[in-house]
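Straight from TrEMBL, the features:
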- 2-321: domain 'Cation/H+ exchanger transmembrane' (DOMAIN)
- 7-22: transmembrane segment (TRANSMEM)
- 42-61: transmembrane segment (TRANSMEM)
- 73-91: transmembrane segment (TRANSMEM)
- 103-125: transmembrane segment (TRANSMEM)
- 176-198: transmembrane segment (TRANSMEM)
- 219-243: transmembrane segment (TRANSMEM)
- 263-284: transmembrane segment (TRANSMEM)
- 296-321: transmembrane segment (TRANSMEM)
Amino acid sequence: FLPPTVAVFKLGMLLAVLIHHVPLHRWGVLGDSIQTWLTVDPHLMCFVFIPMLMFGDVLALDANLVRGGLLQAALMATLGFLISAFLSSLPTRFLPSTRDWPVALSVCFGAVVSGTEPTAAIWILRALGSTQPLKTLMETESLLGDGMLIVLYSVAKTELDDQVSPYGPLDIAVYVVRAVIGSASLGMLLGIHGLIALAHISNRFGQYDLTLQTTITLVTAYASFFIAEVYFGMSGVITTFTAGMILSWRMRPLLISSEAVDSFWSVMEFVSNAVVFFLGGVLFGDACYRAQPIEFLWLLVLYLATIVSRAIMVFTLSPLINAVGEK
């Protein structure tokens with residue numbers, strides 16, 4: 001059996017194979033729709049799907065378990081992420097297909113492949129009968145790591161676009177502080193506003209209470225990401241994570257039906273994962289058709305390097321991880 005996201009990704013690859021045998025212009029309206037999805041603006045994808053994917057994960061977390069393993073998750077998502085990103089980027093400096101990359105592009109690659117995708121990992125842990133604290137630690141580290149991923153990627157991408165570094169050490173420090181502390185503070189503020197709105201709605205509008213409360217959680221998710229990214233230039237991921245944690249911590253007694261809200265976000269998360277991984281499968285399958293045979297060997301090398309980098313990171317930080325939390 002495969003994790004759902006892996007299965008959907010493979011379906012996307014199968015569609016890519018079909019497209020290469022039957023061009024999209026022969027598919028009529030369906031082909032136009034697929035082409036629109038494949039050429040959609042990446043920023044639009046981020047603004048539509050990141051809040052939906054993150055908020056559902058955060059609301060499903062047990063706030064007490066998160067609090068117990070927060071230092072461990074934060075350590076892995078910051079120092080651990082930087083170690084993994086650095087090690088993952090090293091092979092790109094030596095492989096024939098990537099050694100001509102600018103350093104900033106190698107950093108972008110290291111950042112992207114060092115992010116953890118929790119859905120498949122949690123599916124495997126659940127199949128192995130792992131404990132709930134371990135699964136919560138994995139999810140928390142993944143969500144916090146996404147914030148670090150975007151911060152590192154943004155710095156490297158800016159340097160790549162400008163061809164010269166627009167940031168000095170002080171500029172980078174200020175940017176990181178604003179992205180982390182500022183984003184977390186903004187997320188707390190928006191999360192508290194969400195709680196106030198939920199409390200105000202509770203048992204006031206009869207049959208519409210549940211709909212309004214569910215809508216408030218949805219608005220909080222998207223408002224957190226949009227306000228942080230557009231108006232303050234902060235990390236929408238960290239802001240959304242923090243706002244979601246505030247709601248997850250205190251919203252349950254205020255909800256008319258906690259199960260209904262959880263079901264809503266479960267569906268939203270599933271649909272978002274399906275769309276994102278399906279499109280990823282199509283794009284990856286298309287890239288495979290265009291690649292030279294030797295590039296599959298380099299791809300395997302980079303994949304193995306990513307796994308080894310993660311293992312080195314965990315092994316290196318194990319003493320610190322055990323020192324700041326439960327083993």
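Glycine is no exception: its Cβ is also placed from the backbone N, Cα and C atoms.
Because the structure is a prediction, the values reported are computed rather than measured.
Note on the transmembrane segment (296-321): residues 72, 75-76, 79-80, 83-84, 87-88, 90-92, 95-98, 113-114, 288 of its chain, located 6 or more positions outside it, place their CB under 8 angstroms from a CB of the stretch. In this chain, the transmembrane segment (263-284) touches the transmembrane segment (7-22); three or more CB pairs sit within less than 8 A of each other, excluding pairs fewer than 6 residues apart. Ranked by number of Cβ pairs under 8 Å to the transmembrane segment (263-284), the listed stretches 42-61, 73-91, 219-243 are led by 42-61.
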